[in-house]
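Participant: The structure follows.
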Amino acid sequence: MKFVCLQCGREAPFSERGLYRCGCGGLFDVLHDYSRTDAEQLKRLFDARLSERNTPLSGGVWRYKELIHPELPVDRIITKYEGNTGLYENESLRKAAGVRRLWMKAQSENPSGSFKDNGMTVAVSHGLWLGYERLACTSTGNTSSSMAMYAALANAEAVIFLPAEGVSQNKALQTEAYGARMVRTEGGYDDGIVFLDRYAESLGLYVCNSINPLRIEGQKSIVFELAHQMRWKLPDWIVLPGGALSNASALGKGLAELREIGLIDSAPRIAVIQAEGASPFHRMVRSGQRSLSPTPKPDTVASALRIGNPPNWPKALRYAIDNANGVTASVTDEEILEAKALIDRCGIGCEPASAATLAGLRRLVAGGTIGSDETVACVLTGNLLKDTEAIERALRLGATNTVETPAPAKLSPEIIRGMLL
Ligand SMILES: *Cc1c(COP(=O)(O)O)cnc(C)c1O
Ligand SMILES: [Zn+2]
């Protein structure tokens, strides 16, 4: 296992402190040696771990340790048994999407309520193993919740650079509740990344944002677990939301590795869905360009997608678009809230950013990119309770489910009968 620069190809040891980017400015990528990896042996190993409970390798990330961070000593793993999330089929969602089969992979069921846990358990374990005592990130709210949770679990310090505005209050409060030190900043996520890129190392901070290649390694487990749950037969398409593009990078990389090892033989395509007000990657791909023009003031109801300059775009371009024959789409806030209401009402539930998947899928089916005879898995990234303000907005779009009644002593059964009509 080593680091390789995505841009100039320079190699570096993965155990060097302060290393996220190459001197040339390119992103580092983790390169594994899978030449002696046996697919059938791995399948048996992963199956065997399914019967373990509360051991370091029993979670949905570290179960796949050999493909994620083979060199980390098992006793240095900081885990909340993240992953292990549900995979659901629902007839009304399938109909709304208009495809042959549709699965929802609910990363929203992670311990801190978002898929960030899949990557964070690896980044935090790695950083503390390297000897750092302080962890840092900037965030639209879910990265910070996740990092603060693991830092607290490991008795390490969390320093969070959180935009003062535009972050859901639920996420900011969750982060603070885990005991993190909060720096509320002007500007947004993009400004926070610039600050950490420049000053983190001199402040002794280990950066747990997705420019950290170990985050990407951990998030590959989303597609590993999906493939495992589907008995190593993946659907035609995997649809995910795109903000900082860590998942697009990680799932694309994970698919390539599954094929390289021989764990799967199909080649699912990836669709990355952005919110219209924060869609620099979609605009780049659509226009056939190979360099990204940032969106200066990203804006969308899906606060997790409020990113104008996604740092991982070169990785996402390579792994999700070039290697996985991927496509992009953008959706409006109205489409996102409408899709969210559908996902909530079928009992799965999600925060707005996750609903961009279903909204984008509907667009791609309507436009003929995805066929009605094809099979699809959508990745739901964040929990319903992550953004209560958005719940109110989505509810206002539909008919109300609530009747106001007098005190129970004066409540007549007729009122209830009327409601049930
Ligand atoms: C972080 C986040 C995203 C964006 O994912 P990227 O990997 O940054 O593109 C989407 N949805 C939710 C809920 C998130 O927390
Ligand atoms: Zn380089």
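Glycine is treated like the rest: Cβ placed from N, Cα and C.
Note that the structure is predicted; figures quoted are calculated from it, not measured.
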Participant: If TrEMBL gives Gly243, Ala244, Leu245, Ser246, Asn247, Thr381 as binding pyridoxal 5'-phosphate, which of Asn90, Asn142, Asn155, Asn170 does it give for that site as well?
Facilitator: Asn142
Participant: Minimum Cβ neighbour count within 10 Å among the binding-site residues Asn142, Ser246, Asn247, Thr381: which residue?
Facilitator: Ser246
Participant: If the pyridoxal 5'-phosphate site is taken as the center of the Cβ atoms of Asn142, Gly243, Ala244, Leu245, Ser246, Asn247, Thr381, which further residues of that chain fall within 8 Å of it by their Cβ?
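Facilitator: Going along the sequence, the neighbours appear as Phe115, Lys116, Ser210, Pro241, Gly242, Ala248, Ala304.
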Participant: What's the CA to CA span in angstrom from Leu245 (pyridoxal 5'-phosphate binding site) over to Lys116 (N6-(pyridoxal phosphate)lysine)?
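Facilitator: Between the Cα atoms of Leu245 (pyridoxal 5'-phosphate binding site) and Lys116 (N6-(pyridoxal phosphate)lysine), the distance comes to 12 Å.
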